[in-house]
Amino acid sequence: MTLSINALAHIAIELQMGLSNQDRFQRLINSLRQLLRCDASALLRYENQLFRPLAIDGLAPDVLGRRFRLSDHPRLEAIARAGDVVRFPADSQLPDPYDGLIPSQEDLKVHACVGLPLFANQNLIGALTVDGMDPCQFDHFSDEELRLVGAMAAAALSNALLMERLERQLPAPVRAESPAAESVEEMVGLSEPMQRLKKEVDIVAGSDLNVLIMGETGVGKELVARAIHHGSSRANHPLVYLNCAALPESVAESELFGHVKGAFTGAIHHRTGKFEMADNGTLFLDEIGELSLTLQAKLLRVLQYGDLQRVGDDSSLKVNVRVLAATNRDLRQAVLDGAFRADLFHRLSVFPLSVPPLRERSQDVALLAGFFCERSRAQLGLARLALTAEAGALLEQYDWPGNVRELEHAIYRATVLARAGQESGEVLLGPEHFNLELPSQPIHATTGSPVAIDTVPTYFISGGLREATDDYQRRIIQQTLVRHEGNWSSCARELEMDSGNLHRLAKRLGIK
């Protein structure tokens, strides 16, 4: 046996010393470098037909944010389907998911690869991968020795998943494989602000409280709302979305509460309002601060008594709806200014959540970049998509005034630009593919808060402000349409716009 008892005991001790799951996982991975003398390793969690990295060593930081769908990565699929150690020959025709993801060596190909599927009660829960640059790097380790390492990793991961379910008071992981769970987008981030937010989401999801989600544009408030809904007892009922900022005053009441036939000119049939659609489920009211005071009063009544009146109907209708509201405005100040009802504010903000801007969680930029790189790779049908070290450094230094949404758009746009000069299907993103200008010395506004200058991409500066604004809107709409394969409804949803308003804007900009 090549692996000594002392070496295995060292791993066991390291796993016990970790203060958190993340710390334990990283200690395990770090120990593998000494134990197996590997150049790269990763501990992966299996969920919904994909592998999610939990800890890595020797790989680019953005790997932690990537999500490896089995159907896109045949080596990982082979590991998932195997019941034992998998050794890939150096000349294997199956592409390695980590090719191009070795820091500062983007063109380096992995030569030796071993995969260990991890099981708990005969259910696949994850995988351990070890890689090396020498084709014979792991030949002197027997399958039995590697199984021992895999068993220790499986025990650590299984215990962590069990504790996670107990802390969140979730049922067994059968639910995680449901179609509804597959559609839930993940809240990516390991920074302290995001860990705190995730804990708060877990806490409030199990209740039936109304939640006010606050944060700047582009931070992911809708993502938080979805996480709350899918972690609640209402998860099997509808989550209905309404952007209050896109509601014309003339139809806002009908959108919220519905109307009966003949209620007003043009009401040629009955219409079900968003509250009825969300009965027994959740209603997400985005940009709640844009509602008129008149509608705020009617919304308050529904929240207080659970009954509503359709426009043109004298009878009341009982509904059971949980309301999640979001805003990028300071509603406390709006209350003081008389623009928002104090009683509605207190009714909505029973459990307020604040979503941190990206500049306050810069640790997550690399993870998010990897997440969006993998998504862009899949959407554009690329074999490989990676960031150079210089591009990664640029992304981490940029201030991201548009937050996560701006980062997503920047990655996708850079991928489209870089792909234009490639024929192999393997794309490497460098700084030249990003229109990002790092801020120079900040100036200070009269409030004393720093205001960065020279942060506007150079291609926005030519022409007048209207022309630059139109050009920016045109680019964003076109990129979003490409991502959604020309689906205007999906495009409008991502851009948080009313579908009709989007069509009108697209016509004015010459897109339609």
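Count begins at 1; order follows the chain as displayed.
Quick reminder: no glycine exception, Cβ is built from N, Cα and C everywhere.
Taken verbatim from Swiss-Prot:
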type	residues	note
DNA_BIND	488-507	DNA-binding region
BINDING	215-222, 278-287	ATP binding site
DOMAIN	187-416	domain 'Sigma-54 factor interaction'
MOD_RES	Asp57	4-aspartylphosphate
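What Swiss-Prot annotates, mapped onto the structure for a quick look.
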{"residue": "Asp57", "record": "4-aspartylphosphate", "Cβ contacts under 8 Å, 6 or more apart": "Gln26, Ile29, Asn30, Leu32, Arg33, Ala40, Ser41, Ala42"}
{"residue": "Gly215", "record": "ATP binding site", "Cβ contacts under 8 Å, 6 or more apart": "Lys221, Ala326, Asn328, Ser354, Val355, Pro356, Pro357"}
{"residue": "Gly218", "record": "ATP binding site", "Cβ contacts under 8 Å, 6 or more apart": "Gly402, Asn403, Val404, Arg405, Glu406"}
{"residue": "Asp279", "record": "ATP binding site", "Cβ contacts under 8 Å, 6 or more apart": "His237, Pro238, Val319, Asn320, Val321"}
{"residue": "Thr282", "record": "ATP binding site", "Cβ contacts under 8 Å, 6 or more apart": "Ala225, Ile228, His229, Ser232, Arg234, His237, Pro238, Leu239, Val240, Val321, Arg322, Val323, Leu324"}
{"residue": "Leu285", "record": "ATP binding site", "Cβ contacts under 8 Å, 6 or more apart": "Leu242, Cys244, Leu291, Val323, Leu324, Ala325, Ala326"}
Residue numbers, six or more beyond the limits of the DNA-binding region (488-507), whose CB comes under 8 Å of its CB atoms: 222, 241, 243, 245-247, 286-287, 473, 476-477, 480-481
Cβ neighbour count (within 10 Å, all chains shown) around Lys221 (ATP binding site): 24
